Amino acid sequence: MKMNLEKLGERIIEGGDILVEEALELANLRGSALYPLFGAASRIKEHFVGDKVFLCSIVNAKSGRCPENCSFCAQSAHHKTDAPVYSLIDEERMVACAREAEKNGSSCYGIITSGTSIKKGEELERICNAVRRIRRETGITPSCSLGIINHETASALVEAGVETYHHNLETSRSFFPNVCTTHDYEEDVNTVRVAKKAGLKVCCGGIFGLGESVAQRIEMAYTLRELDVDSVPLNFLNPIAGTKLENAENITPMECLQTIALFRLILPTKRISICGGREKNLRDLQSWIFFAGASGTMIGNYLTTTGRAAEEDWQMLKDLNLSVASCCE
């Protein structure tokens, strides 16, 4: 398998693709057989996206009361959790959080809102005004994640200065009905297409540990490749009390790393960032993500869970002798 991986890595670097059957075979690797896979993923990453690390941060700009019933989400109105509930924060707070993210070393800053979609009118206008100020007053690049959007909303975001729209598929098409039944998978796919058509870059990934099979993780990766998204955030479930998945078992650190490596082989040219749940699932192996094909990570807090201190992540990067990208392009 080592020689096969070397040849597969060379094929991908030369512009070839990994076949679904090959990805499924690599998903069966265990133990020390994973190390050549990580090596191949790391070489592919360095060839296509370089060795600098991309850092991003987010603000939970509107929390709770979401009508969707996503099984993992603490903000769903269908669950009883301790997640905070509040309406859209004011413009000043969005800008202040952008400054804090920039201070912590992030080059990208996402404004995230709960709910199926953002309300047109005052809410969208407030976000657009904040984006304009962030553009003027900071050096950080703003992005938005406002749920399902149409062309009108996408165009308004472009006009305000948003470069990237974030919208996760969460899981594969075949597993999605087990995760959410309040909207259709195709609505999420269409949002990605709407954003791209409007001229936005798209950040789109998912979350692992929902009960999906390894084959379904690979299925999602190929869907992302078909959609030609620009960057791929990978999350690992951190079970929240009160949600349907509160008793779900965490994925093992090596399984997390194997998943990252497979996504790198399937999506060789994309920025792959490791976000929510990395502390809980990867534990002492968090630093290994960069040797398994990841090219970025989220620092600071997540939507409803706490991340580790930015200083710890910076120390990790220093210990690894990795430099940080100065922009999120």
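The backbone N, Cα and C atoms fix where each Cβ goes, glycine too.
Secondary structure from DSSP puts C70 ([4Fe-4S] cluster binding site) in coil. Over all protein chains present, the Cβ of C70 ([4Fe-4S] cluster binding site) has 24 other Cβ atoms lying within 10 Å. The feature [4Fe-4S] cluster binding site is assigned by Swiss-Prot to C66, C70, C73.
Other C-beta atoms found within 10 angstroms of the C-beta of C203 ([2Fe-2S] cluster binding site) number 27, with every protein chain shown included. Under the three-state DSSP scheme, C203 ([2Fe-2S] cluster binding site) falls in the strand class. According to Swiss-Prot, the feature [2Fe-2S] cluster binding site maps to S143, C203.
Taken from Swiss-Prot, the feature domain 'Radical SAM core' applies to 48-278, supported by sequence analysis.
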Which residues, same chain and not among C66, C70, C73, have a CB within 8 angstroms of the centroid of the CB atoms at the recorded [4Fe-4S] cluster site?
E68, N69, F72, A74, Q75, S76, H78, H79, S114, C180
Sorry to bug you, but what's the C-alpha spacing from C203 ([2Fe-2S] cluster binding site) to C66 ([4Fe-4S] cluster binding site), rounded to the closest Å?
21
Looking only at DSSP and grouping its letters into three states, which state does S143 ([2Fe-2S] cluster binding site) belong to?
strand
